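As recorded in TrEMBL, the features of this protein are as follows:
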SIGNAL    1-21  signal peptide
TRANSMEM  290-312  transmembrane segment
TRANSMEM  356-383  transmembrane segment
TRANSMEM  389-411  transmembrane segment
TRANSMEM  432-452  transmembrane segment
TRANSMEM  464-488  transmembrane segment
TRANSMEM  514-540  transmembrane segment
TRANSMEM  546-569  transmembrane segment
TRANSMEM  581-605  transmembrane segment
TRANSMEM  625-651  transmembrane segment
Amino acid sequence: MDRFKICFLAAIFSLIQLGFAFYLPGSYPHKYEVGDYLNVKVNSLTSIETEMPFSYYSLPFCQPSEGIKDSAENLGELLMGDRIENSPYRFKMFKNESEIFLCQTEKLSGDGFKLLKKRIDEMYQVNPMLDNLPAIRYTKKDGYVLRWTGYPVGIKVQDVYYVFNHLKFKVLVHKYEEAANVARVMGTGDAAEVIPTMGKSKDSDVPGYMVVGFEVVPCSFAHNADSTKKLKMYERYTTPIKCDSTSVSMSVKEGQSIVFSYEVSFEESDIKWPSRWDAYLKMEGSKVHWFSILNSLMVITFLAGIVLVIFLRTVRRDLTRYEELDKEAQAQMNEELSGWKLVVGDVFRAPSNPSLLCVMVGDGVQILGMAVVTILFAALGFMSPASRGTLITGMLFFYMILGIAAGYVAVRLWRTIGCGEHRGWMSVAWKAACFFPGIAFLILTTLNFLLWGSHSTGAIPFSLFVILILLWFCISVPLTLIGGYFGARAPHIEFPVRTNQIPREIPAQKYPSWLLVLGAGTLPFGTLFIELFFIMSSIWMGRVYYVFGFLFVVMILLVVVCAEVSLVLTYMHLCVEDYKWWWKSFFASGSVAIYIFIYSINYLVFDLKNLSGPVSATLYLGYSLFMVLAIMLATGTVGFLSSFWFVHYLFSSVKLD
């Protein structure tokens, strides 16, 4: 019950905090005076081979004397599987220490030994943090310096397992610079209490420092177990410890205990507080982003220019030619109509499954709006990687708020298709509120059972499940119904031409129309696939994704291309007298999701080839399916709305009886 209360309060606080304030990178420095304690925290153990996080204390590591305590968690952290806990590692500001004894574990049992070997084989990483900064590790390979966050649990050399039991920390600090009216933080950033500074504080004359860097070098050192029996935590080890990251000596054996130790050094750095995340965000691929965007932009602009010029000239020529004729000539021309003009009495005939189409378009508007707003806020710096979980929390918050838009669009489209009929709007609004969240809930529940069975911290706690259901039915559903109410009251869009009672027979086509619809998704995919690699690497390879400005530009290009592709395809179908354009316009642009899913399988086979076990592969494919469904609804909605506007504009420009 206490867990439920904590999760519920964390969820509500996260959403309220997101609604009224955002974390601006570098705006909340913490001042540490010389001698103040710095406490290291630990996140879940992670691996790119299994994609299943586990608790740090699931392995035989030293535990803090005051007991294990969870840090304040927001909703996004819980959904991402982050479990931040305290650790026994602690430093004193600007006090170098070496050969610090931490603890000697109990003798490894058979099960404990097997689990430790398994985690080493699966390349699990330990993720310590100091002042909200993840530990960074530098390695050299082929003359290049590689950056990693965290350090491996251990290593296997010639069938012998070694554990990294000695850590060499380096803390980079910068002199504290206090300015008037700048918020100070009393805390580490996980549960920060913000105090506005109206003037000069009492302790402003006391020299202080800010943490601007946190580095770690893991070592495997064979301690003398007999000499550590009488040592207590934080006492100095009796003999010098040589930390050599290129050699290993602490082998792991069943029935043997492990001794842990550490050392820490402080170094004053020129790095300022706002720039302390630069080491994590340095990405040599930034030129690739610019090249891919400029290349896509030129190709898309060129193709769109050709398509639009030909397309607009053709339509305009037909309309201008028709309008210049007198009434007798128009009547004669009506008898000789061909192409899109022949389907004037059927073009607005209601599609099959109209309620499903309305629901999918409404949910697509909601997802697209959430994506645009979230990426825009992230691009402006309101969702820094320093504030873990904010991105997921923001997406959930904006998705619930935009339920109003989903209900409004779905119900108004339903009334438009029904020529103003009010009946059934409540059912459509309910379906819009439950369609996509219901499918997502089903997928996530299935995957969660797999994580529960593996005892992974990535499993969503049952209490959080209850909270998500409450947020769904107490906030999202009512807002969607409110949007549906306004959609029912709004005037429906009137069709410019009448629909015949008897449907027109569609001529036999030379090629299957659905084949053309499925092929249309290749062009939108071409604008997205390079950026998709970076996004997939961020999700599955543990890399920090921060180039939301690039992503926002790519999203705008994607929306434009989806609209153009769907619009052109709709015109092509109308020209061959195929008036069933409603669903085809949706899937013409929505078919990009098929290619994204194929790309996801390709990424699994070639980039995540080390992914081990059927459970990990099932998790990957399940989350990919969830992502692809959301993309299909968003892109399909763009294509449908653009085609609807075009068809309405086309047939309102000319009156054919």
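Every residue, even glycine, has its Cβ placed from backbone N, Cα and C.
TrEMBL does not curate its annotations; it predicts them automatically.
Small disclaimer: the values here were computed from a predicted structure and weren't measured.
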The transmembrane segment (432-452) in contact with the transmembrane segment (356-383), cutoff 8 A, at least 3 CB pairs, sep 6+:
yes
Could you name the stretch, out of 356-383, 464-488, 514-540, 546-569, with the greatest number of CB pairs under 8 A to the transmembrane segment (581-605)?
514-540
Grab the same-chain neighbours of the transmembrane segment (464-488) for me: Cβ-Cβ under 8 Å, and only residues 6 or more beyond its ends, written as numbers and ranges.
4, 7-8, 11, 15, 75, 78-79, 396, 399-401, 403-412, 414-415, 422, 425-426, 428-430, 432-434, 437, 441, 445, 448
